[in-house]
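To start, the structure itself, in structure tokens.
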Amino acid sequence: MTTNTVVREAQSQAEYNPLAKQKAAAKLSRIPIKVEHGEALKKPDWIRVKAGSPTTRFYEIKDILRANKLHTVCEEASCPNIGECFGKGTATFMIMGDKCTRRCPFCDVGHGRPDPLDTNEPLNLAKTIAELRLKYVVITSVDRDDLRDGGSGHFVECIKNIRELSPLTQIEILVPDFRGRDDRALEILKAAPPDVMNHNLETAPRLYKEARPGSDYQFSLNLLKKFKALHPKVPTKSGIMVGLGETDEEILQVMRDMRAHDIDMLTIGQYLAPSNSHLPVRRYVHPDTFKMFEEEAYKMGFTHAAVGAMVRSSYHADQQAHAAGV
């Protein structure tokens, strides 16, 4: 099989607009790696999503989100489970805009110079959650390397507003790594800690340079360990993708590293390339292998492990949390 190397030439200064949201090829043209593509692997039957007809609830949620100028990672990251989750009245809200300061080549969230924070967003988010009568919410964000606190203060404002309007709603936050600002961010989060603290490791350390440029494996592990030391009763959680070129043993070692850093909950799912411009799928992991990962997770002491081809970090997050005793 012949492998074609796609070398993405940098856009000229005249073409590049840092204020515009860049997606796919436009986003990845300026990263310092070569994205190599061979013949695309055929998707096996076990990873196909059952497409259902959009429900009234699906459209209701989309209308409410647009009316309140809110974003979901479900939409921005092209999650394959969006139909099911929206249809059941659940969503993962993405705060601080829809332009990320990073250019991870596995991710479909747009890149660009972020807009100033919307000071009305925490209240709008809280009103939306109350209107939808959600009992469990996940709040994530784009990376905001432009902010001195990495956006941690905005997370706190969102949590406070949600608890004011929906005191019984449980809140999971899926945070960026707060690169270089972790101690400041953790200090700020003390004002309103979540019910579950989630930060994804994404892949094995060997693949970080390719998959997570600008991030550091040990830094991400330490972020969750530091949070756990400050809030020992709050469950910590992390997720891994498979299919980027890692081995089974590398996944097991990441799991061991997670437990060594006091991470309680785990998600593992199959990586699916959002477009032909993104990192290609190197392998499709068989359900039997996912089952092995799940069994090993419980042997290692994880309180809950959601493992399977279509599992995503916030997929059935409420069920994951409740199974872990939240």
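Using N, Cα and C of the backbone, Cβ positions are placed for all residues, glycine too.
Swiss-Prot lists CYS74, CYS79, CYS85, SER314 with the feature [4Fe-4S] cluster 1 binding site.
Averaged over the domain 'Radical SAM core' (85-303), the predicted model reaches a pLDDT of 91. If you look up Swiss-Prot, you'll see 85-303 marked as domain 'Radical SAM core', on the strength of sequence analysis.
Feature annotation from Swiss-Prot assigns [4Fe-4S] cluster 2 binding site to CYS100, CYS104, CYS107; the stated evidence is sequence analysis. Neighbour density for CYS107 ([4Fe-4S] cluster 2 binding site): within 10 A of its CB lie 23 other CB atoms from the protein chains shown. Under the three-state DSSP scheme, CYS107 ([4Fe-4S] cluster 2 binding site) falls in the coil class.
Within the same chain, residues at least six positions away from CYS104 ([4Fe-4S] cluster 2 binding site) with a Cβ under 8 Å of its Cβ are ALA211, ARG212, PRO213, SER215.
Rounded to a whole value, the Cα-Cα separation of CYS100 ([4Fe-4S] cluster 2 binding site) and SER314 ([4Fe-4S] cluster 1 binding site) is 19 Å. It is CYS85, among the binding-site residues CYS85, CYS100, whose Cβ has the fewest other Cβ atoms within 10 Å in the structure shown.
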